[in-house]
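Pulled from TrEMBL:
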type     : residues : note
DOMAIN   : 43-441   : domain 'Major facilitator superfamily (MFS) profile'
TRANSMEM : 80-96    : transmembrane segment
TRANSMEM : 108-127  : transmembrane segment
TRANSMEM : 139-159  : transmembrane segment
TRANSMEM : 171-190  : transmembrane segment
TRANSMEM : 202-222  : transmembrane segment
TRANSMEM : 308-329  : transmembrane segment
TRANSMEM : 336-354  : transmembrane segment
TRANSMEM : 366-387  : transmembrane segment
TRANSMEM : 399-417  : transmembrane segment
Amino acid sequence: MKFIKQTDVAATQIPQEATHHLDVDESEAALAKRVLRKIDWRLIPLMFITYNLNFMDKTILSSASVFGLREDTNLKGQQYSWVSSVFYFGYFFWEYPTTYLIPRIPVAKYLAVNTLVWGVVVALTAICSNYGGLVTVRFFLGVAEATITPAFMFITSTWYTRDEIPTRTGYWFAGNSVGGLIASFLAFGIGHVSDSIAPWKWMYVILGILTFVWGIPLLLFLPDSIETARFLTEEERKYAADRVVIAGTGRTANADWKLDQALECLIDPKTWIIFSMSLLTQIPNGGTQNFGNLVLKSFGFTSLQSTLLVIPASIIAAGTIAGTGWIAGRFRQWNCMLIVCVVMPAIVGSSLIYVRPRTSSGVQLFGYFLLSTGPGSIPLLISLVGANYKGVTKKMTMTALLFIAYCAGNIAGPQFFRASDAPHYNLAFRAILICYSLVVG
């Protein structure tokens, strides 16, 4: 008979236990990977395309301005600046009510209905024939679009962990800049149209129809919450819900408004730092977003050329947003430093444009491209809110404050582009330089 030593028996048992634990760990890792992949493929494309349309519909005004909109609607003096600014009065008007509604009603259905209304408003812009009509539709466009970003912030913070939030925010926010790129191609193509309907009207009709139709996929495929996500199995839903509680920003099922959380948000010093940075970065954004094509024309380019020159700027902006979002997702402590990094090129760019006409048109165009990194600051600020504020009331209060600053900055920005300063707009670029410098300071 062969005798087995005690040590031999132990040696045969230890690997079996280790193998069992290894199997469990591998199974959980596979589940985690599968759940995250499913969530990404369902949510990110829907949010990316929606944000794409969001930016196109908002900023096509800049392209329309060089294709006859100002002349056909008889805009005088500062009226075009007010047409640009009034969008954000509508945005401001609806911002807090919508942040109150978002966690309390089915968010996906709310977004879908909102998108249908938004598409109709965009298309109606084509029938405007005077300043009053433009101001009215731009105000209601602001109301319609006010829901998109806070809803996406809410969705991102309730589906993803803290470390995942900056990267995913960067992904869907990059739709902003890609939307600018597509809008430029669209404007260039439509700019060649010559019939009884002006090119700028075709721009609004086409974009309005696209936006309205897009509301249907949102209604069909965007889930209201993890608990109602039919694209996940029951096991996957449970895992998805648990992981955002453990490594995320807490549960959102209890959406009762809590005064103590609102007050806690208001006395938190970082609330007002984020508020100030949002305000200072959006004053430049509001101006360049709506006057971009007019500024490019002032460099000596034609209307059609100006639409094409916006394309490199959009690519730079998209790359900046996606790249900084990816870095912030892996090195969360770098978030504030990344904001400084995206603002620095914009400081140089605004300086190069401000000193014209002492510089060549090539140097001025280079400065304009450098300005394109500036918009990369707002998604970083959004991700700071999503990753650092727990509790529905506190999170949505900070969201509302962030977008109050966003609206105030974008209302003020176009007003620095005074008609009397055209075509150089020195006051505007001095204000842009000061605002970006204060962010760094």
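Placement of Cβ uses the backbone N, Cα and C atoms for every residue, glycine included.
Listed as Cβ neighbours of the transmembrane segment (336-354) (distance under 8 Å, sequence separation of 6 or more from its ends, same chain) are residues 277, 281, 284, 295, 320, 324, 327-328, 363-364, 366-374, 376-377, 380-381, 384, 426, 429-430, 432-433, 436-437, 439-440. Ranking 80-96, 108-127, 171-190, 202-222, 399-417 by CB pairs under 8 A with the transmembrane segment (308-329) puts 171-190 at the top.
In this chain, the transmembrane segment (108-127) lies close to the transmembrane segment (202-222): three or more C-beta pairs between them fall below 8 angstroms, excluding pairs fewer than 6 positions apart.
Across the candidate stretches 80-96, 139-159, 202-222, the maximum count of CB pairs under 8 A to the transmembrane segment (399-417) is reached by 80-96. Annotation: stretch 80-96 has the most Cβ pairs under 8 Å to the transmembrane segment (139-159), among 80-96, 171-190, 202-222.
Sequence-distant contacts of the transmembrane segment (171-190) (same chain, at least 6 residues past either end, Cβ-Cβ under 8 Å): 44, 47-56, 59-60, 63-64, 67, 152, 156, 199, 202-203, 206-207, 304, 307-308, 310-311, 313-318, 320-322, 325, 372, 375, 378-379, 382. Note on the domain 'Major facilitator superfamily (MFS) profile' (43-441): its mean pLDDT in the predicted model is 88.
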